[in-house]
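First comes the structure, then the notes that go with it.
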Amino acid sequence: MRFHDSILIFFSLASLYQHVHGARQVVRPKEKMTTSEEVKPWLRTVYGSQKELVTPTVIAGVTFSEKPEETPNPLKPWVSLEHDGRPKTIKPEINKGRTKKGRPDYSTYFKTVSSHTYSYEELKAHNMGPNEVFVEEEYIDEDDTYVSLNPIVRCTPNLYFNKGLAKDIRSEPFCTPYENSRWKVDKTYFVTWYTRFFTDENSGKVADKVRVHLSYVKENPVEKGNYKRDIPATFFSSEWIDNDNGLMPVEVRDEWLQDQFDRRIVVSVQPIYISDEDFDPLQYGILLYITKGSKVFKPTKEQLALDDAGITNDQWYYVALSIPTVVVVFFVFMYFFLYVNGKNRDFTDVTRKALNKKRRVLGKFSEMKKFKNMKNHKYTELPSYKKTSKQN
């Protein structure tokens, strides 16, 4: 092999090496859902003979209206909610024959109480008197035709939390979100409430329709505690929705912040039997924040304590500035008060009593209580000794 041929082979291999070294890693496309995995409508029969097509929907990773399994599975995962309203999946477990983390039991929260009064003639009970009556209470289950399609835990009074500065106010009718939660932009959160809380006092019926409002709240010290409804502050109002499941997903939008990093808002639910003029979002509303995302700095213990006390934004600066101002005003007032009343002050009585105490005559030594019983020998009774010759 000639020299120039070797050179050509060398450069060819070098260029091939550079090409291979600079190659990009193959990007594999994401696996698509197969036909069997995609959510499809399914057919069911409701109320005896009525055919109905049910279309599942996926919201924040949660599948609603999913076709139930033919055989009930006690270990089937269910969906709970974080304090801010984010969904989380709970997987039941069996430990020593007992199911842990099982689906929630709603007890009688969604049942209707029906009372029946029976007389002695109707029952003919051997232990009833002729004039006695028996009142029986019966709990009737709700219609679960549509609520059974909801995979998320429903809100009940036993899931309420405490809100307010002293944490002594129940959160009724809300279970989520918790007060002072932070909703981030482009994230979806679930607002949940106890449906039977909205019972019309006049008719005694539970509201069949409600809608959710989001309103801005100002927290400057001057305005704090003076929350009056301001119609322009309500920036989001949902359509009237069925009050069956007691929940609604909310996706936080960037335009709600109005070019700010975070905003203080209140979440409220309006039942259909209350008009817009009579509805107050702050009566039962939950206060929270919407934000662009996590802040870079980590809040200190002092900042967390201020947040728990309800001191946010620039309120702390007002409090810090007011303390020295009050002290200065107090000393100025005391100075002028003493200056004006300088000629009217007379402390002679006080000084005279103090001087008299210092000039007090002690009296005779023998009359003092402390030495009264002490026997005092005369000087002549003291022993005397004669001097010896050596002492002389």
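Glycine is treated like the rest: Cβ placed from N, Cα and C.
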Record feature O-linked glycosylation site (Swiss-Prot), assigned residue among S148, S238, S294: S148
Which candidate, of T63, T312, T351, Swiss-Prot gives the annotation O-linked glycosylation site: T63
Selected residue, Swiss-Prot feature O-linked glycosylation site, from candidates T108, T145, T300: T108
Position flagged as O-linked glycosylation site [Swiss-Prot], chosen from T57, T291, T325: T57
Site from S115, S275 that Swiss-Prot describes as O-linked glycosylation site, others unannotated there: S115
T117, T348, T380 - residue that Swiss-Prot labels as O-linked glycosylation site: T117
C-beta crowding around S114 (O-linked glycosylation site), within 10 angstroms: 10
Lowest local Cβ density among T71, T117, S119, which the record lists as glycosylation sites, within 10 Å: T71
Spatial neighbour of T156 (O-linked glycosylation site) that is closest, considering only the glycosylation sites T57, S119, T199, S215 and their CA atoms: T199
Candidate nearest S215 (O-linked glycosylation site) in space, where candidates are the glycosylation sites T71, T89, T117 and distance is Cα-Cα: T89
Neighbourhood of T108 (O-linked glycosylation site) by C-beta distance under 8 A, where only residues 6 or more apart in the same chain count: Y139
Glycosylation sites listed as T156, T199, least Cβ neighbours within 10 Å: T199
